[in-house]
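Annotated features in Swiss-Prot:
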ACT_SITE  Cys125  active site, cysteine sulfenic acid (-SOH) intermediate
BINDING   Thr374, Tyr375, Asn376, Thr377, Thr386, Glu451  L-leucine binding site
COMPBIAS  27-37  compositional bias 'Basic and acidic residues'
COMPBIAS  223-238  compositional bias 'Low complexity'
CROSSLNK  Lys175  ubiquitin cross-link
MOD_RES   Met1  N-acetylmethionine
MOD_RES   Ser249  phosphoserine
REGION    20-43  region 'Disordered'
REGION    66-239  region 'N-terminal domain'
REGION    221-251  region 'Disordered'
REGION    272-291  region 'Disordered'
REGION    308-480  region 'C-terminal domain'
Amino acid sequence: MIVADSECHSEIKGYLPFTRGGVAGPETREEHREGQARRGSRGPSAFIPVEEILREGAESLEQHLGLEALMSSGRVDNLAVVMGLHPDYLSSFWRLHYLLLHTDGPLASSWRHYIAIMAAARHQCSYLVGSHMTEFLQTGGDPEWLLGLHRAPEKLRKLSEVNKLLAHRPWLITKEHIQALLKTGEHSWSLAELIQALVLLTHCHSLASFVFGCGILPEGDAEGSPASQAPSPPSEQGTPPSGDPLNNSGGFEAARDVEALMERMRQLQESLLRDEGASQEEMENRFELEKSESLLVTPSADILEPSPHPDILCFVEDPAFGYEDFTRRGTQAPPTFRAQDYTWEDHGYSLIQRLYPEGGQLLDEKFQVACSLTYNTIAMHSGVDTSMLRRAIWNYIHCVFGIRYDDYDYGEVNQLLERNLKIYIKTVACYPEKTTRRMYNLFWRHFRHSEKVHVNLLLLEARMQAALLYALRAITRYMT
């Protein structure tokens, strides 16, 4: 995945436009047309017009191919092309991805790809399942294991429960789950092996969110459906994504939405400068209100439940188990995870640095790149401080996973995130297999596609960090 050797340069130029400024040779334009013909007109995403990727991401991705070529050899996949709209993030992502799956570590390479299959299967992500099946066999994996989890070693099967919880309800993970995997026995895990497996599971769960959220298409299926198995409403079928943001946006109404968002950001920033922040009690109440209101933020009832494919279902135990709202009416909710009690910076990072130092450093870098990534633009506006908006998105994702920041006013979430954006965020983060093109089109209707991909990067990282915090807290409690 995400590779660039000498052959791959010509392959990716099927997506990249002919070189500007006359640098390329006379056949470049023809090579571009041939590459387009090989893939069809759909491009790497069912949601993003290929013209947008050519316009916004081609040059920056091409500049980064040299870095990727140093890492391995193979092909550039559709996921890399879309993620390459943000090349600084892609570089950081790839370093961790390569470490997890391709360098020496506690777990054999084939086992790591099998764990990735198990993780992607929880979300019915055929794109990732198929990719890791291929790599599993290429790294010497036993083909019998691909017949289903029941053919895999018991040690791998024992990971299924933690995989299930991390994918759907990470707040349920306890030190007893960790103890069950580490206790002495023929099929026990070492702590080093388990840490690598947990990071890999959360990496692949969140990557499935990115695949569904961006409508990534299988490389060999330019005329097919997205990598997701989720059905789209009939009106969406067979309609290529439009390159004009106004076509699906409601035109001037969408432009007014942008202006209204800019005004709300300005007012919030002014109130902060005047030190008109809410009290601690009020901020806690606003979090509880936001958590309760998230119950009402769900996909449309007319979206059908995806039907798991048998080739994917065979890697899943308890397939009916899925995300449930952290706070449900009429039930005893688990206690809120107060971020200050177990932070990534002070607790999670230090633990993983002790047990998996190479991974800890790259994880921390990737989180920082995602959190700080900005081009200071919003739709047609430039020179904008977007930190408040990015923090609202990050904290809302953590909110739906039950994590609260004591120093954050959750009233900002309601002011900055429109309902369609909340629906999209919650769907992609919690049940990504239900994501549709219509959801993608309905939020931020006047924004560039690269900005929507940016939202998906925040989704990927915030979701991964939330699940890791629950898992690492359970390990800390086990060790103490």
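Including glycine, each Cβ sits where the backbone N, Cα and C put it.
These numbers come from a predicted model, not from an experiment.
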- request: Looking only at C-alpha atoms, tell me how far Thr386 (L-leucine binding site) is from Cys125 (active site, cysteine sulfenic acid (-SOH) intermediate), rounded to the nearest Å.
  value: 32
- line: Per DSSP (helix/strand/coil reduction), Thr374 (L-leucine binding site) sits in coil
Field: For Glu451 (L-leucine binding site): intrachain residues, at least 6 apart, with Cβ closer than 8 Å
entry: Thr377, Ile378, Ala379, Trp444
Message: Taking only the residues the record lists as binding L-leucine, namely Thr374, Tyr375, Asn376, Thr377, Thr386, Glu451, what is the largest Cα to Cα distance between any two of them, in Å to the nearest whole number?
response: 11
- prompt: To the nearest whole angstrom, what is the C-alpha distance linking the residue listed as 'active site, cysteine sulfenic acid (-SOH) intermediate' and Tyr375 (L-leucine binding site)?
  reply: 31
Statement: Candidates Asn376, Thr386 (binding-site residues); min other-Cβ count within 10 Å returns Asn376
Task: Using the centroid of the Cβ atoms of Thr374, Tyr375, Asn376, Thr377, Thr386, Glu451 as reference, list every other same-chain residue with Cβ within 8 Å of it (recorded L-leucine site), in sequence order.
output: Ile378, Val384, His454
